[in-house]
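Listed features, source Swiss-Prot:
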ACT_SITE  Tyr137  active site, proton donor/acceptor
ACT_SITE  Lys166  active site, schiff-base intermediate with substrate
BINDING   Thr49, Ile208  pyruvate binding site
SITE      Thr48  site 'Part of a proton relay during catalysis'
SITE      Tyr111  site 'Part of a proton relay during catalysis'
Amino acid sequence: MSTRQLRGSAVALVTPFHKDLTVDVEALIRLVEFHLEAGTDIIIPCGTTGESPTLTEAEQASIIRTVRDASKGRIIVGAGAGTNATVEAVRLAKNAEAAGAEAILSVAPYYNKPSQEGIYQHYRHVAEAVSVPIIIYNVPGRTGCNVDAATVLRLARDFANITAVKEATDNMQQIAELLDGRPEGFSVLTGEDPLILPFMAMGGDGVISVAANQIPGAIKRLVDSVSEGNLEEARKINRKYRRLLRLNFIESNPVPVKYALTRMGMLEETYRLPLVPLSAASKAEMDRELEILGLI
């Protein structure tokens with residue numbers, strides 16, 4: 001796969017469950033078809049939004065295979081495959097590659113509070129274990145550690161298959177350092193939907209999006225508008241959906257977006273503990289916005 005393909009509008013796909021908490025394969029296939037119709041560039045199951053901490057390894061492999069088969073080669077299929085024990089992260093990455101993932105989204109090692117050298121060594125072992133492209137996933141709000149720009153750029157220079165970073169922060173200085181220092185072909189993607197417009201205006205390559213679960217076409221148009229230099233159209237799209245992008249994080253992701261998809265008739269409102277359903281007050285806010293946008 002060309003590294004230049006890891007750009008554009010990517011969706012951090014939710015995992016639909018039945019009421020008995022088994023994976024709803026039929027709903028999963030419907031979601032893939034929804035993204036094929038909308039023109040989403042990359043689909044990434046088994047990440048944070050996919051409730052990966054609650055999935056077994058067998059379930060993760062099955063989900064990746066299902067998404068790959070349903071996509072029929074028309075969309076790049078990545079997969080979340082990371083954890084905070086390097087040996088386990090390597091195994092998960094190998095499993096995802098074997099299941100058909102064309103790229104690996106590997107979260108920074110959380111809870112352990114490693115040094116930057118420890119983070120480098122963690123990703124070195126993952127990169128040496130697989131041949132598919134690796135996306136470094138920097139989400140310090142969840143992991144408790146930041147992957148510094150210098151560490152990302154060092155990894156990008158040292159390993160040909162570390163081809164992108166998902167920068168899920170609002171640290172614009174760090175984002176600027178990544179954009180200014182990256183080697184040719186290395187993609188910098190935002191993980192913050194509200195920042196798509198300014199992030200891409202700075203030279204970013206796209207987004208791995210939560211909101212693309214609900215509005216894949218709009219997120220695709222927003223990304224493409226900025227890429228094409230049509231900032232007026234991008235501002236119009238951003239203005240229309242700004243409140244929805246915020247409401248998706250009114251409670252812990254992916255609870256709000258899965259509730260919205262339930263209201264849109266895409267899946268059942270089911271989560272695995274410790275996630276629980278959206279509060280009544282938050283449901284009312286989400287319902288109002290979905291009605292305003294004509295999504296329900």
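Including glycine, each Cβ sits where the backbone N, Cα and C put it.
Quantities reported herein were computed from a predicted structural model and do not represent experimental measurements.
Taking the features listed in Swiss-Prot, we show where each one sits on the structure.
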residue : record                                         : contacts (Cβ under 8 Å, 6+ apart)
Thr48   : site 'Part of a proton relay during catalysis' : Ala12, Gly80, Val107, Val139, Arg142, Asn253, Pro254
Thr49   : pyruvate binding site                          : Ala12, Leu13, Val14, Val210, Asn213, Asn253, Pro254, Val257
Tyr111  : site 'Part of a proton relay during catalysis' : Asn84, Thr143, Gly144
Tyr137  : active site, proton donor/acceptor             : Gly47, Gly80, Gly82, Leu105, Ser106, Val107, Ala108, Val165, Lys166, Ala168, Gly191
Ile208  : pyruvate binding site                          : Ala10, Val11, Ala12, Ile42, Ile44, Gly47, Leu105, Ile135, Lys166, Leu189, Thr190, Gly191
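In the three-state DSSP reading, Thr48 (site 'Part of a proton relay during catalysis') counts as coil. According to its DSSP assignment, the residue listed as 'active site, proton donor/acceptor' is in a strand.
Lys166 (active site, schiff-base intermediate with substrate) counts 27 other C-beta atoms within 10 Å of its own C-beta, drawing on all protein chains shown. For the recorded site, Tyr111 (site 'Part of a proton relay during catalysis'), the DSSP three-state label reads coil.
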